[in-house]
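Trainee: Sharing a structure below in structure tokens format, with a few things to ask.
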Amino acid sequence: MAQISLHGTLHVTIYEVDKLHSGGGPHFFRKLVENIEETVGFGKGVSKLYATIDLEKARVGRTRILENEQSNPRWYESFHVYCAHQASNVIFTVKDDNPIGATLIGRAYVPVEELLDGEEIDRWVEILDEDKNPVHSGSKIHVKLQYFEVTKDRNWGQGIRSSKYPGVPYTYFSQRQGCKVSLYQDAHIPDKFVPQIPLAGGNYYEPHRCWEDVFDAITNAKHLIYITGWSVYTEISLIRDSRRPKPGGDITLGELLKKKASEGVRVLMLVWDDRTSVGLLKKDGLMATHDEETEHFFQNTDVHCVLCPRNPDDGGSFVQDLQISTMFTHHQKIVVVDSAMPNGDSQRRRIVSFVGGLDLCDGRYDSPFHSLFRTLDSAHHDDFHQPNFAGASIEKGGPREPWHDIHSRLEGPIAWDVLFNFEQRWRKQGGKDLLIQLRELEDVIIPPSPVMYPDDFEAWNVQLFRSIDGGAAFGFPETPEDAPEAGLVSGKDNIIDRSIQDAYIHAIRRAKNFIYIENQYFLGSSFGWSPDGIKPEDINALHLIPKELSLKILSKIAAGERFTVYIVVPMWPEGIPESASVQAILDWQKRTMEMMYKDIVQALKANGIIEDPRNYLTFFCLGNREVKKSGEYEPAEKPEPDTDYIRAQEARRFMIYVHTKMMIVDDEYIIIGSANINQRSMDGARDSEIAMGAYQPHHLSTRQPARGQIHGFRMSLWYEHLGMLDESFLNPESEECVRKVNQMAEKYWDLYSSETLEHDLPGHLLRYPIGVASEGDVTELPGTEFFPDTKARVLGAKSDYLPPILTT
């Protein structure tokens, strides 16, 4: 049967299955259970039935497990499914769970073409076996389905039409009004870095300084400092700009937190317990998070630091539980403090929160200059970070790995949502109940309340999103029936908050003109990958973001309208670039890009347009290259001969690591958080994440382009990356703009990768070194099989031994 495009939302209810066995007793089940017992040796088995929803081979929903209800399992569970798939059937699969996996009972098929008219289908569907014959008891499953095609959504392609936009629906946290947001590029910005960027109302863009603001927030807290991190390192200092000193600014983070705790401030920290850092695997952990050092530093002090493993929610199989605790992480990066009132009321306090991509750890402090060699005797002498070369050290010299990141400060009612997220996580994994009871402090700390009036031109509406499940957050509903009411999704016996993915999907679907993404990873929608050397259905990187982006571009090509997607990723994911895990991720990235370019090329041909697909979708990375200056730090030792390290040192170049997790849509809406564009971050039941989505109701892209803080922030980022500003940057969707940016990035790539170097690189934005063939295949750029100075393939390589769940 022909595959039909499903792009929109599917509402599905799975009610029950009737007569799963006939009058002859549950023979089928007895046999099944005996087989499982024999195979596994797990003792007497019980039936554990669950049902799944698949669009062809992509799993889009699953019910809870029902124990010992062999003949008439009744789930009565509803699902709200975003779809961007090709499918001929919606498939309902009934399975019996066991400790190692699951046994198929049968499948029921509802043809997609019956859904297209948007009418509700409510029916009993026959359950068939592998050969498409009815299972022997003539059993049926009762389901209800209704499909809402994306163009029927009144927000499709309309942007945020007014200040009455209610936010992303079906989420745990609703949108908050009257907030204030500060946007940060990098941990620090020196004075006078940003040129004049005009905003609406005759104003100019003013940058903020992240680690200075975090330092002030911690220093001035009087009641509580709550921190979560993938990594927190006590030895770093937050203040390092000699031109902007602060009283007490030379203190390390660890000493600052101890000092605040000794003053009576409640300091609580949840730091990911990197299980790989235990025992023989590796002394400093696969990812060197310093988790045990940090715990040790705060022992017997007033700071309560809890190492927090990524525990699975109850109900996974033995194998799944092992996967979650050893493969997945706590990735949220938040700081929550009490703070003075903006009006100077010295008695009352409010809550202020920070959310984004920056961990408070080593290797993160940087400025938009992203120097490789010139800060090695100052800001980075005691914070030399270079995990891409074995044995790299300050003694052997640069290049260090520069770090580009994005973060935010949230004030107003949204800040309390971040606090509530911390409280949920502490109650689940923090051990002792040490949380400050705000009710007892209500005469001091105000309740959640706006920090700006709705008619203030600088006010923000903000919504908090997460990827997290009941294994990491206390207070999620116990039953799947209650999950949708709380804006949550039910999984196989766990309740999941997957709202970060929902927020991205909604923002892409609303987009009118352009999308600008910076992210540490870009892979997913594996249901759309070519089966070249893999079985796409085995990969399970099913989040929709890449496919939603290409479907958005396709809709614009069909309508004859301009639309451009700009995506900035690192040259390679941090680590030894030749290693199997880095190469595997690059392979998934290539497959994702290729799926999108094939979609675009097909659409251009169908519409008779001859144009470079890179005018619609274009990928970049960041890099720097510096000539040697007199008076530069001279290392005492040299790297080993014939290594990537010595080659990069001699060529005076290295990538700038893009760690950001940000998307800007039409200069009116921004998402910033900890979540990467991969399955780990978007799944909800893998890495735990947090993000915010925000806009300024008085600066929407309705009648004319938006010129609020988000526009200023994007222009400031483009200035950082390109070393200049151009009039065309005001309209990123225009052919003039995308051609200009692509040309500059190609020029900078040529300078970066050339044999010789006469001047510093004039900008950091480099063309991602791939080609796009006439059918959309992603190819090597001529002469660029490997990244400069390495033997690491740009297009990556499939790993034969690392499971996809680890690298997607």
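Glycine residues also receive a Cβ, built from the backbone N, Cα and C atoms like all the rest.
Copied straight from Swiss-Prot:
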ACT_SITE  H331  active site
ACT_SITE  K333  active site
ACT_SITE  D338  active site
ACT_SITE  H659  active site
ACT_SITE  K661  active site
ACT_SITE  D666  active site
BINDING   D186, H370, H404, E720  Ca(2+) binding site
BINDING   H331, Q520, H659  1,2-diacyl-sn-glycero-3-phosphate binding site
DOMAIN    1-125  domain 'C2'
DOMAIN    326-364  domain 'PLD phosphodiesterase 1'
DOMAIN    654-681  domain 'PLD phosphodiesterase 2'
Trainee: Take the domain 'PLD phosphodiesterase 1' (326-364) and find every residue of the same chain, 6 or more past its ends, with a Cβ under 8 Å from one of its Cβ atoms.
Mentor: 184, 187, 210-211, 213-214, 217-218, 220-233, 235-236, 238, 253, 270-272, 274-276, 289-290, 308, 310, 383, 385, 387, 401, 403, 405-411, 414-416, 418-419, 421-422, 425, 444-446, 448-449, 451, 464, 466, 468, 472, 520, 659-662, 672-675, 680-681, 686-692, 805-806
Trainee: Using a 10 Å radius around its CB, how many other CB atoms surround H659 (active site)?
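Mentor: The Cβ of H659 (active site) has 23 Cβ neighbours within 10 Å.
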Trainee: How many other Cβ atoms are found within 10 Å of the Cβ atom of H370 (Ca(2+) binding site), counting all protein chains shown?
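Mentor: So the Cβ neighbour count for H370 (Ca(2+) binding site) comes to 25.
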Trainee: Quick check for the class: what is the C-alpha distance, in angstrom and rounded, between K661 (active site) and K333 (active site)?
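Mentor: K661 (active site) to K333 (active site), Cα-Cα distance: 12 Å.
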Trainee: At the level of the C-alpha atoms, what whole-angstrom distance separates D338 (active site) and H331 (active site)?
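Mentor: Rounded to the nearest whole number, the Cα-Cα distance is 23 Å.
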Trainee: Consider the active-site residues K333, H659, D666 and say which one has the Cα lying nearest the Cα of H404 (Ca(2+) binding site).
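Mentor: Spatially nearest to H404 (Ca(2+) binding site) by Cα position is H659.
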Trainee: Find the one among the recorded positions H331, K333, Q520, H659, D666 whose C-alpha lies closest to that of H370 (Ca(2+) binding site).
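Mentor: Comparing Cα positions, the candidate nearest H370 (Ca(2+) binding site) turns out to be H659.
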Trainee: When the Cα-Cα distance from H659 (active site) is computed for each of the recorded positions D186, H331, K333, Q520, D666, which gives the smallest value?
Mentor: Q520
Trainee: Excluding near sequence neighbours, so keeping only residues 6 or more apart in the same chain, what lies with its CB under 8 A of H331 (active site)?
Mentor: W230, W272, S674, A675, S681, D687, S688, E689
Trainee: State the count of C-beta atoms found within 10 angstroms of the C-beta of K661 (active site), not counting that atom itself.
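Mentor: There are 28 of them.
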Trainee: Which chain neighbours of the Ca(2+) site, leaving out D186, H370, H404, E720, have a Cβ atom within 8 Å of the mean position of the site's Cβ atoms?
Mentor: Q185, D366, S367, P368, F369, P402, W403, D405, L622, I656, H721, H764
